[in-house]
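Below: one structure, written as structure tokens.
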Amino acid sequence: MSAAVPPAVDPAVAEEMAREAAAWCALHGLVVGDRADPRSATVPGVGLVHAPFALLPAHLPESFWRQACELAPIFNELVDRVSLDGKFLQDSLSKTRQVDDFTSRLLEIHRKMMEINKEENIRLGLHRSDYMLDSETSSLLQIELNTISASFSRLGPLVSELHRTLINQHGHLLSLEPKRVPGNAASSKFAEALARAWAEFNVDSAIVLMIVQLEERNMYDQYWITKHLKESHGVTTIRKTLSQVEAEGQVLPDGSLLVDGKKVAVVYYRAGYTPNDYPSEAEWSARLLIEQSSAVKCPSISYHLVGTKKIQQELAKPNVLERFLENKEDIAKLRKCFAGLWSLDDEGIIKTAIEKPELFVLKPQREGGGNNIYGLDLRETLTRLQKEGGDALAAYILMQRIFPKASHSYLVRGGICHEGLAISELGIYGAYLRNKDKVVINDQSGYLMRTKVSSSDEGGVAAGFAVLDSLYLTDK
């Protein structure tokens, strides 16, 4: 992110701050499961370590921050509009489905819902749109839009609190002001949106069902939302894997979803975004069962599909946004943040990417970190796919590589403070809730900063490539 340069810190001071910060993390629940302890991903309270974090916030000119915040409600509305056009989703992903089994299975569920004309009266989206500041063009460009399982809505805001605390204690050495770290209420905003969806469902005894992975080192980020829902809104949450839903769930003739005998008002997915979450037919049966029910889905199958890389690329084509949005100013704001995106049926762009692979990223239809292809690997993959012929290229999209300016940072992982050049990525959360024609919520709902060493290509914190960060707003 850093267009402005953060202050240099004396290494001895940085070490002392890192120790203070790690203790603060333990005291305030800024924790994840420890990879070294196999039970840490399944048993709460066992094998906790501080979440990896940047010692000081990443600098960003306030104008780009305002731009990103303004985009959130527009993207929320766009997701909802696109999700209503089932034919557009099916047609756009038709080639992808032939070479990507995961997308094909999602599309099959979507097609079944279209056939029975399934209506989702109450529609809930908890999204996150991720951006980087491109140093070549000095513009804020979108990397991707996440419509399922947008994580770190609590751990992210805790880092904002940590940074304000450190600046309050050491500000005289750092020449930083705590008020320039913007407030971040992402988890309470997400909990509020889930609670409002529960209220719209209007069954007092109903619960929120959180779909989780069998092993989840980031469970505490999820438990924070459960806590907010209970303490602030009186709503009970249960946690189940998709296989547990298949074993314990049923849909009654009136459409009600029962899991473990409890009526479900809202299904909130913190899993289901990767093929690894569907190891057998049981998980796919559960996904279909939920989709067939009258429970509010966050996200529905159509919202999930809108978040695929291929749909992102289709929406960037000329005149496509105009199909879904009327407001010309909103369309212009979205276009301004679109990076170059191409499908691989364009032979000219493939040729350019093979000649200059450093200018591109090859992206498969996958969520979560660790899947993108860069540099010489990109050249080799494109050359191989071209030789294979057929539809193999349809499993990927090509994206302009964004070059953020690297800045000097201290990254703390496992209690050790690492110094080096780093780049940052800004995620803006959005919450959208609609009941029939009434838009109940359409808001920007906080932010997530992630920072990684500039030599690392991938950006997922849970995947181990990045650390959590916050934001320091500058005038320029």
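For all residues, glycine too, the Cβ spot is worked out from N, Cα and C.
Feature annotation from TrEMBL assigns substrate binding site to ARG128, 148-151, 216-218, GLN222, 270-273, ARG450, 461-462. Marked as Mg(2+) binding site by TrEMBL: GLU144, ASN146, GLU367. The ATP binding site annotation in TrEMBL covers GLU144, LYS309, 363-372, TYR374, 399-402, GLU425, LYS452, GLU458. Annotation comment: TrEMBL describes 206-306 as domain 'Glutathione synthase substrate-binding'.
Ranking the binding-site residues GLU144, ASN146, TYR374, ARG401, LYS452 by the distance of their Cα atoms from the Cα of ARG128 (substrate binding site) places ASN146 first. Looking only at Cα atoms, GLU144 (Mg(2+) binding site) sits nearest to PRO364 among the binding-site residues ALA271, PRO364, TYR374. Cβ neighbour count for SER149 (substrate binding site) (all protein chains, 10 Å cutoff from its Cβ): 25. On a Cα basis, ASN146 (Mg(2+) binding site) lies 21 Å away from TYR374 (ATP binding site). Among the binding-site residues listed (ASN146, ARG217, ALA271), ASN146 has its Cα nearest to the Cα of ARG401 (ATP binding site). Ranked by Cβ neighbours within 10 A across all protein chains shown, the binding-site residues TYR273, TYR374 are led by TYR273. For the domain 'Glutathione synthase substrate-binding' (206-306), the model's average pLDDT works out to 98. Annotation for PRO364 (ATP binding site): same-chain Cβ neighbours under 8 Å, separated by at least 6 residues, are ASP100, LYS309, ASN371, ASN372, ILE373, ALA395, TYR396.
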